[in-house]
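Asker: What TrEMBL lists as transmembrane segment is 121-143, 155-176, 188-215, 253-271, 319-340, 347-366, 409-430, 467-484, 496-515.
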Amino acid sequence: MTKRADPDRFTVTKDALLPGIFFALLVRWCVAAYPYSGYRKPPMYGDFEAQRHWQEITVHTPVTTWYHNTTQNDLEYWGMDYPPLSAYHSLLMGLVADWLDPESVRLFASRGYEDDSHKTFMRWTVFLSDLYFYATAVLCICIDAERVRAKETKWVFKRTDLSTILFLLYPGLILIDHGHFQYNCVSLGLFLWATFFIIAIENDVLATIFFVFALNYKQMELYHALPFFIYLLRKCFIGIPPRSKFSHIVHKFNKLAVAVISCFIIIWYPFTKSWDNISQLVHRLFPIKRGVFEDKVSNIWCFVNVFVKLKDVYTNEEMARMCLVATAAAALPSCIDLFLRINKKKFVLCLINVSLAFFIFSFQVHEKTILLVAIPVALHLPEDPFMCFWFLLISTFSMLPLFLKDGLLIPFICTNVIYICFYSICVKLAHPNSDFLSFFSANRIDKIVRPNQHENSVLMTLLSTNFFFSFICMIWLIVAAVFIPPPVSYPDLPALLISVFSFCHFVLFFIYFNYQQFSMPMCLPVPQKAKTK
């Protein structure tokens, strides 16, 4: 008589896990060898100088003046415009930098500091932040994806090793954080941890705490705030006992409210000595005067601006109100559906739809903001690999003008080739008879995810054809942007073409992912029960 299987036990496919993780980290370090934003471009330099300057300011000035214009803190020169948790992170790194190389953070004298040893130090701070916050969250999420996979299925995109490597090899985040130079891996890592506590652990309090941390690191996490709020609020009404219904709901809601308020109090406490500090901080986080978009971002306002110069017609305040109404109108249907027909998979799709609505319609959008959409899409990739892979390629491509400006063309090409090759390997493992270009076939990819279902062959052929031509157009636009000089009278033409091309894709993806969410049935989260022997 055999032993009875423990239902809580599961196996993790880890054949390629360690080599794959090391390879993803190696790719990051290779990209870091290339130039960063603003390299040798005085007087303002770029984002690298902004991060270094914030270390300088946080180390040498009082905390209450970090967001104020003073004789020691010129807000016109990369003034702090991220929430307090990001400032504390800069302070921590600044203290280490001051210990290793005091000249790198010396007040005023260190502006434009580009010593090789300091560049290496700054690259290490991003690398370790990525490893500590982002990579660990990705690994845990991918382990959980394989845990809940049906044992009889051979779903390669839910294998822990393959899904982790594919997630970590996403080119967009690697190029922005380790090439261009930013710390998006921290806020996105905290966001992924919050998502993990919802979809895997079902610990709403921890999910709330980690999302508040993410929001207090970068205010752009507001893109994800509505799905978290709706999902956690709706869960307060689940598992209600027959008696004391109202008190049960209030108790669950109060736990989440206490977690939010206490986290905000702890993080914002140094700035609460006066209302002036708080109002100035909020003003720095949401600067209306910057305008509706920066550079040639792939959203609707940049597209409309081609035909109607918005700055000549509307004030920034009027544009902000228009953006608010448009964003709310685009995001609310997805949120309402999540509340009425709650489902963990709907939660991930709602993250995609709401963040994409914010990207397309909201105020003060930058090219890099597409990462806030791309990470939820990468999270959803095992469920819908064909469309998600297509989106992730477009999202990276939409930032090409920024990468060209930073001298990151070679890393852009290499990281995308690596990503496509590994995706093709995953397809090959699922279908040994397939060739390298099988990733163009929507029908073949769909059979990996749904082997027993047969989708409309005409629709699959149409999707495959569109993806192929989209891919070819991306290649031609890259070649044109690199080798064909734009007309003198239209110097921004290549960036504009890339922006419009990407925007058209994002609109279609927005429609598609909304359709996917609304076509999914409700599935209530199962209340956790105490285990007994």
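Using N, Cα and C of the backbone, Cβ positions are placed for all residues, glycine too.
Would you situate these features in the structure and describe their surroundings?
Answerer: For the transmembrane segment (121-143), the residues of the chain that approach it from at least six positions outside its boundaries are 12, 21, 24-25, 28-29, 32, 48, 51-52, 93, 96-97, 100-101, 104, 160, 163-164, 167-168, 173, 177-178, 181-183, 185-186, 188-190, 192-193, 195-196, 199-200, 379, judged by C-beta separation under 8 angstroms.
Sequence-remote contacts of a segment are chain residues at least 6 beyond its ends whose Cβ falls under 8 Å from one of its Cβ atoms, and for the transmembrane segment (319-340) they are 226-227, 230-231, 233-234, 288, 291-292, 300-301, 310, 346-347, 349-350, 353-354, 357-358, 360-363, 510, 514, 517-518, 522.
For the transmembrane segment (347-366), the list of distant contacts is 195, 198-199, 222-224, 226-227, 230-231, 286-288, 290-295, 297, 299-301, 319-320, 323-324, 326-327, 330-331, 334-335, 337-338, 372-373, 376-377, 379-380, 383, 503, 506-507, 509-510, 513-514, 516-517, 520: same-chain residues at least six beyond its ends, Cβ to Cβ under 8 Å.
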Asker: Return the stretch with the most CB pairs under 8 A relative to the transmembrane segment (409-430), choosing among 155-176, 188-215, 253-271, 496-515.
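Answerer: When the Cβ pairs under 8 Å are tallied, 155-176 comes out ahead.
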Asker: Near the transmembrane segment (253-271), which same-chain residues lie under 8 Å Cβ to Cβ, leaving out any that are not at least 6 residues past its ends?
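Answerer: Sequence-distant neighbours of the transmembrane segment (253-271): 63-64, 67, 83-85, 204-205, 208-209, 212-213, 216, 232-233, 236, 277-278, 281.
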